[in-house]
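> Before I ask anything, let me first share the structure, which is written out below as structure tokens.
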Amino acid sequence: MESFVDEVAIEVFAGHGGAGSVHFRREKYVEFGGPDGGDGGTGGNVIIRPNLSMYTLDKYLSKRKFKAEAGFPGVGDNCSGKKGEDLILFVPLGTQIYDEETGDLLFDFVTDTQEFVVARGGRGGKGNTHFKSSTNQTPRFAQPGEEGEYKFLRLSLKLLADVGIVGLPNAGKSTLISKITDAHPKIAGYAFTTLSPNLGVVKRRGDIFRFTIADIPGIIEGASMGIGLGLSFLRHIERVKGILYLFDASSLDIEEDLKMLRNELFTYNPELLNRPYLIVLNKIDIWDDPEFTKDIISKIIHLGKVIAISADKETNLEKLLEAMDEAFFKDEIEKVLKSTKELKSVSLNESDILGSFENSREIKE
């Protein structure tokens, strides 16, 4: 099983340019041919691209240095050397590229069509053809190729999830994500079972609309300061559109728990408190008393919209998904439904036209 690695430092070296050639024409009946040394080829670039099948940076643990191919040297007859082959490195979507020495953010992969030339190959050296002059008809020197660029990089992965599940340890985050997506996280009845984020895809409206959801390891008071599993995973909810605050319904003080969680998010990144959210009470199956559940909800309804569920028994999961549709994706779903309706309308019109054509042909025949 691959380990979840979301940060790693690597070194990349673009290819050196090829050397220019020192060469002279050698032809029959031409005793003193002029210079015809070709230029060296450009060194290969180091290019980074996203890969949708990657979810972790673990492949960069065993190898930390990467070098592109050098340009080939020039040859005679003014032929340039071949360009060095580019080196392509793949990273998960959501990876940010930092200069490890300056701390500057160089690139942020947010779509799968992007690519980033992080280090450019050196230019090839000029062949001796370029150095012929009135005072030097037979130059016996050429330029060496330039060195390729070098970069010391930090790759930092921030999951591109649409929804983040935040809660205390053992609130049932992994169980919930396993029930509403195809993800299969480790599930157990003890705190900190989840040691790394889990990502799943939720399919809605007959699979015409999808969104991604991530659960991160349980947050305890002081997480933003490094306590517990600390802030190492909080960055994975920085890009989310909405947050589910998930609680064990048997908690003694859900209001205080919510305040603590939101305070930790605020300490880490105040912007997170501006995201729309839902409050989810999990494990309502531990008592078979709807009135008791209603009583708990009545005490916290002033904090936000509350949905009571049992992830384990799959109780009210559709109700939760509908609430997420409304709170986080209402405009997007409306656009998708409108587009689908228009496509169906066009398809029906085409069928009518084809039917009219067939009927017309039958009448003529």
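Quick reminder: no glycine exception, Cβ is built from N, Cα and C everywhere.
Per Swiss-Prot, the feature GTP binding site maps to 167-174, 192-196, 215-218, 282-285, 310-312; the stated evidence is sequence analysis. Under the heading Mg(2+) binding site, Swiss-Prot lists Ser174, Thr194. Annotated domain 'Obg' per Swiss-Prot: 2-160, in sequence order. The domain 'OBG-type G' annotation in Swiss-Prot covers 161-329 and is backed by sequence analysis.
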> So if I draw a 10 Å sphere around the Cβ of Ser174 (Mg(2+) binding site), how many other Cβ atoms end up inside it?
23
> Can you grab the distance from Ser174 (Mg(2+) binding site) over to Ser310 (GTP binding site)? Cα atoms, rounded to a whole Å.
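Ser174 (Mg(2+) binding site) and Ser310 (GTP binding site) have their Cα atoms 13 Å apart.
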> Validating a neighbour-count step here. Other CB atoms within 10 A of the CB of Lys173 (GTP binding site): how many?
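I count 29 other Cβ atoms within 10 Å of it.
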> Please list, in sequence order, the residues in the chain of Gly167 (GTP binding site) that are at least six apart in sequence and whose C-beta is under 8 Å away from its C-beta.
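Correct list: Lys173, Gly218, Ile219, Tyr245, Leu246, Phe247, Leu261.
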> What kind of secondary structure is Lys173 (GTP binding site) part of, going by DSSP in three states?
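Once the DSSP labels are grouped into three classes, Lys173 (GTP binding site) ends up as helix.
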> Could you give the mean pLDDT over the domain 'Obg' (2-160), rounded to a whole number?
94
> What count of other C-beta atoms do you get within 10 angstroms of the C-beta of Lys283 (GTP binding site), across all chains shown?
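Neighbour count, Cβ to Cβ under the 10 Å cut-off: 23.
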> I'd like the number of other C-beta atoms within 10 A of the C-beta of Asn170 (GTP binding site), please.
17
> Including all protein chains shown, what's the count of other C-beta atoms within 10 A of the C-beta of Ser310 (GTP binding site)?
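I count 20 other Cβ atoms within 10 Å of it.
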> Using a 10 Å radius around its CB, how many other CB atoms surround Ser196 (GTP binding site)?
18
> So for Pro217 (GTP binding site), how many other CB atoms are inside 10 Å of its CB?
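There are 25 of them.
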